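Provided herewith is a single structure, encoded as structure tokens, for subsequent inquiry.
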Amino acid sequence: MLRRGLLSFFMVILIDRGTSQLYSSDMCNWKGSGLTHEGHTKDVEQVYLRCSEGSVEWLYPTGAMVINLRPNTLTSAYKHLTVCIKPFKDSKGANIYSEKTGELKLVVPDGENNPHKVYCFGLDRGGLYIEATPQQDISRKITGFQYELISQRTLSDLHTVSDPCRPCSDTEVLLAVCISDFVVKGTISAVTNDEELQESLINVTVDKLYRQKSKIFLPKDNGGWEGMIRTPLECGVKTGMGSFLFTGRMHFGEPRLGCTPRYKDFKRIYLEAKKQGLNPCEISTD
């Protein structure tokens, strides 16, 4: 490798060849063209990104590249991160693999086109290896995706991504209330199931808005708030069923359902923890 330390925050070098390339890159996003790679199809490009979220866009892919993802704070904690990628609509022209010490595992095959599907794996597998597939005509071929790094030590993050239908433990509920992107008390007024995307879109009528980082829930004319949350279809969410405490995270710009206990159960859990001095944060239960 050529001076990896000097160039680690940007798209950097070719392995085996030192020809200069024209790319746009910052710490979070990378965009480049395979047209500058023609004639060097056996070269493997190295890209270094230092961000918790961003995007990669490879126009006219030829040859291969390795995407090295790390958080913007380099500590040993990066080994406990989950990488999630969401391919762009109509992304094509290359296979995407996870890579660990030379071993490749196919994550997204070329041509698999589901604009809402998200692929996740542990960062301890290493980087992403993207290999262009043989093409007679590379024009109009673009391989691209968004990525997010999610802490496996943050229980609400891990629950939302890896096992969204599993009921949360008391500890997970208490932590979710403190660190989720949205926390509301409300009821399920409608559920729309999308068989193609294998998702349910939950319409929530909100009685009490504790927190939201994005404008998920908007005021209603007759008081309260209303908004939509996504969850996998397999979770079997139904309308009615009483009052809940809804928590969750923004995931690729969409609100995803996290821990959602019945409100009466949350109130019991919270008050018991508070009595013992074990509640990680304060929240009104009136």
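Including glycine, each Cβ sits where the backbone N, Cα and C put it.
As annotated in Swiss-Prot:
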- 1-20: signal peptide (SIGNAL)
- CYS28-CYS51: disulfide bond (DISULFID)
- CYS84-CYS120: disulfide bond (DISULFID)
- CYS165-CYS235: disulfide bond (DISULFID)
- CYS168-CYS259: disulfide bond (DISULFID)
- CYS178-CYS281: disulfide bond (DISULFID)
- ASN203: N-linked glycosylation site (CARBOHYD)
Counting Cβ atoms within 10 Å across all protein chains shown, which of the disulfide-bonded residues CYS84, CYS120, CYS165, CYS178, CYS235 comes out on top?
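It comes out as CYS84.
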Determine the minimum-neighbour residue: among CYS28, CYS168, listed as disulfide-bonded residues, which Cβ has the fewest other Cβ atoms within 10 angstroms?
CYS28
Any idea what DSSP makes of CYS178 (disulfide bond), helix, strand or coil?
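SS state of CYS178 (disulfide bond) = helix.
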Around ASN203 (N-linked glycosylation site), how many other C-beta atoms are within 10 angstroms of its C-beta?
16
Using CB atoms and a 10 A radius, I'd like the single residue among the disulfide-bonded residues CYS51, CYS259, CYS281 with the highest neighbour count.
CYS259
Rounded to a whole number, how many Å is the Cα of CYS178 (disulfide bond) away from the Cα of CYS28 (disulfide bond)?
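Their Cα atoms are separated by 27 Å.
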For CYS235 (disulfide bond), what is the secondary structure state per DSSP, taken as helix, strand or coil?
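DSSP call for CYS235 (disulfide bond): helix.
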Listed recorded positions are CYS28, CYS84, ASN203, CYS259, CYS281; which of them have CA atoms within 10 A of the CA of CYS165 (disulfide bond)?
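Of everything listed, what lies within 10 Å of CYS165 (disulfide bond) (Cα to Cα) is CYS259.
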Which one is it: of the recorded positions CYS120, ASN203, CYS259, CYS281, whose Cα lies the shortest distance from the Cα of CYS28 (disulfide bond)?
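Nearest in space to CYS28 (disulfide bond), counting only the recorded positions, is CYS120.
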